[in-house]
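These come from TrEMBL:
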TRANSMEM  12-28  transmembrane segment
TRANSMEM  79-97  transmembrane segment
TRANSMEM  109-133  transmembrane segment
TRANSMEM  145-167  transmembrane segment
TRANSMEM  179-200  transmembrane segment
TRANSMEM  220-239  transmembrane segment
TRANSMEM  246-270  transmembrane segment
TRANSMEM  290-309  transmembrane segment
Amino acid sequence: MIAVIKKNKKIILFFIFCYIMIFCFNYFRPVDLDLMWNYGFSKNVSDGLIMYKDFNMVITPFYPAITGLLMKIFSSNLIVFYLINTFYALLTLIVVYKLDKKIIFPFFIYFLLNTAPGYNTLTVFFVFLLIYLEKNNKSDYLIGLIISLAFLTKSSIGIFLALPTLYYIKKPKKILKRIIPFLITNLIVIGYFYLNNALYDYINFAFLGLLDFKNGNGNYNIITIISILIVIYIIREYVKTKDFELLYILSFMIMAYPLFNTSHGFLAIIPLVYYLLKKYPKVNNLINKTAPIFICAPILALIINYITCDPKYDNNLFKYRYLQDEYMSDIEALKEYLHDDYNNTYFILMNSYLYKLALDIPINEFDLPLKGNLGYNGEEELIKKIEKIKDGSLIIINNAYYERTDDGSKNQSSKKIYDFITENYGSIGQLHKFKIYVKN
């Protein structure tokens, strides 16, 4: 064992360096809603809540299940959540190193800038693992299992990552070997939800709501055009080279759809960056020569930002984190108004997870009232649940509904639910950027 460590000392030190850098880069960034949702889903599982039954989400269950289980073993602290997700990212780097060690440092730089804690990081790992398994002619049963785990992490990605298997359409036994583990793992998941009386909820939120998510949240902009051009480029490359890797790279481009924002766009082309670094070694060598600048500048900027922004907040969850002034003001206003008495108070807000986690309030089925996250006919179903709320309960919503968020993307919050509350219940005041309504 010691001999193996000595022999691979440099690469082991490199991966330790990568782990520390990814952790610091992500941990020193400001808190955002994607982080709170991914952390919140995992914490819910760690706390013993049943996915889809006790809280709603549109993603399939593997990521919150495995992350929540690890948090249950170690701690549900936010730092532990970051450590776990950094490990997922490190697994991706190890696989890329096994694929082509010459490009690992330039790839790491891009990966560092475009990864964040969440289920998307796990899907990136799965796509590279599939490329590695295909290139090395590994077991079709294992490939089928990984495709299944990708599907159970994000269904749309999993479906598209299964499409390259059609390349073997003339080898039905090979395809069958991949289908078997896919079916077995999904039957296990179905059995789990059936035994917990949550099977319909799983199907409803994770699958039936996807059409509403696509229709309600599509953004079509310059990122859309760039994504289409990239898809055309990948198809042309495949026609010329017949490189099997490109089928998985093309399949992963679905990551950008339908949101088509900057973060999803840069994330979707991570596998393409790997391919381009291999194809253009001169670019790879140039980045290697200037690596210290690429690596040190963003980390230094984040540390300076962290120090100058005074991120302190009197809450164990956000300890040592930079919580934006806007969010801190919101939380303090809610805390002062409600006097720590949150019984019969409902947050119908896009930011509910952030506020409730900061205020140590249990999560419930009302806390993600976003289009596409509510299942089939979900807006009407949530309105029915609101109608059943006990009279006298407080309902907190934003003081206005905006079609677009601050970054210009479509507001995922439901206008139908917002209008129902404002038209049917009485407002008892305005608090900061919120309006308080009373159920009667």
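Any Cβ shown, glycine's included, is placed from N, Cα and C.
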Chain residues in Cβ proximity to the transmembrane segment (145-167) (below 8 Å; excluding those fewer than six residues from its ends, i.e. six or more beyond):
59-63, 119-120, 122-123, 126-127, 129-130, 133-134, 175, 178, 181-182, 185-186, 189, 206-207, 210, 244, 247-248, 251-252, 254-255, 257
Go through 79-97, 220-239, 290-309 and flag the stretch with the largest number of C-beta pairs under 8 Å relative to the transmembrane segment (12-28).
79-97
For the transmembrane segment (290-309), sequence-distant contacts whose Cβ falls under 8 Å of one of its Cβ atoms, 6 or more beyond its ends:
21, 24-25, 28-29, 105-106, 109, 112-113, 322
Which sequence positions outside the transmembrane segment (179-200), separated from its termini by at least 6 residues, show Cβ-Cβ distances below 8 Å to it?
50-53, 61, 141-142, 144-145, 147-149, 151-152, 162
